[in-house]
Amino acid sequence: MEKLQQRVKEDGVVIDGGILKVDSFLNHQIDPELMYEVGETIYNKYKDEGVTKVLTIEASGIAPAIMAALKFKVPCLFAKKSVPSTLTEEVYHTDIHSYTKNKTSHVVVSKRFLNENDRVVIIDDFLANGEAALGLYNLVQQAGATCVGVGIVVEKSFQSGKQRLLDAGLDVTSLCEIAALDNGKVTLVGEGEL
Ligand code: 5GP
């Protein structure tokens, strides 16, 4: 997605430890038109797959996920990182280690909202080591549902996530692929090649 790639190059701020800050359009302030295009691109990829649900994790996955869900005309379900007192029913749960926060969260979704008839697209803002996406896939498997694909806004291709998802048999659609974040500079996959 060219517009997204341009925005990542222009607005992305490289932080120590190979982390990219994109809080002007995705992680703090959100650009709705750009997110709509993100949702539309993921929809176009999986529109013939009989998708019944879009699954993400709070908080930054919600913006792209809800735009995709709007296009699919299906609910957007987000895994919660803590169990609220209002969630009294049975849940599927797993642990997800956050690469950026260096913290493990116990995440849950209600069994009411995911079942064996669901065909799920998983969406997240970033793909690094694949912990979040694989954790969400684990919830899909617990429900006996089918994952038709994983949509990622920004993939850091120099980390292991993409390969881990492919090894798990998942179809992965990344809209912006970053080859390197060296010396404060964002280099996209394919950039500079003839
Ligand atoms: P993974 O679970 O694939 O290791 O990491 C993806 C998760 O960590 C995403 O949900 C995202 O919130 C966060 N993350 C990983 N790398 C980055 C990054 O470079 N920038 C931002 N903003 N978030 C990241």
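Keep in mind that glycine also has a Cβ here, set from the backbone N, Cα and C atoms.
In TrEMBL, annotation is done automatically, which means it is predicted and not curated.
Secondary structure at LYS156 (xanthine binding site), taken from DSSP and collapsed to helix, strand or coil, is strand. The xanthine binding site annotation in TrEMBL covers LEU20, ASN27, LYS156.
Annotation source TrEMBL lists domain 'Phosphoribosyltransferase' at 33-157.
The 5-phospho-alpha-D-ribose 1-diphosphate binding site annotation in TrEMBL covers ALA128, ASN129, GLY130, GLU131, ALA132. With a 10 A radius on its CB, ASN129 (5-phospho-alpha-D-ribose 1-diphosphate binding site) counts 15 other CB atoms from all the protein chains.
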Taking just the CA atoms, what is the gap between LYS156 (xanthine binding site) and ALA128 (5-phospho-alpha-D-ribose 1-diphosphate binding site) in Å?
5
Sequence gap of 6 or more, Cβ distance under 8 Å: name the residues on the same chain that satisfy this around GLU131 (5-phospho-alpha-D-ribose 1-diphosphate binding site), in order along the sequence.
ILE96, HIS97, SER98, TYR99, GLY161
Which one of these binding-site residues has the most other Cβ atoms within 10 Å of its own Cβ: LEU20, ALA128, ALA132?
ALA132
Roughly where does the domain 'Phosphoribosyltransferase' (33-157) sit in mean pLDDT, to the nearest integer?
96
List, in sequence order, the residues of the same chain other than LEU20, ASN27, LYS156 whose Cβ lies within 8 Å of the centroid of the Cβ atoms of the recorded xanthine site.
GLY12, ILE19, LYS21, VAL22, ASP125, PHE126, ALA128, VAL154, ILE178
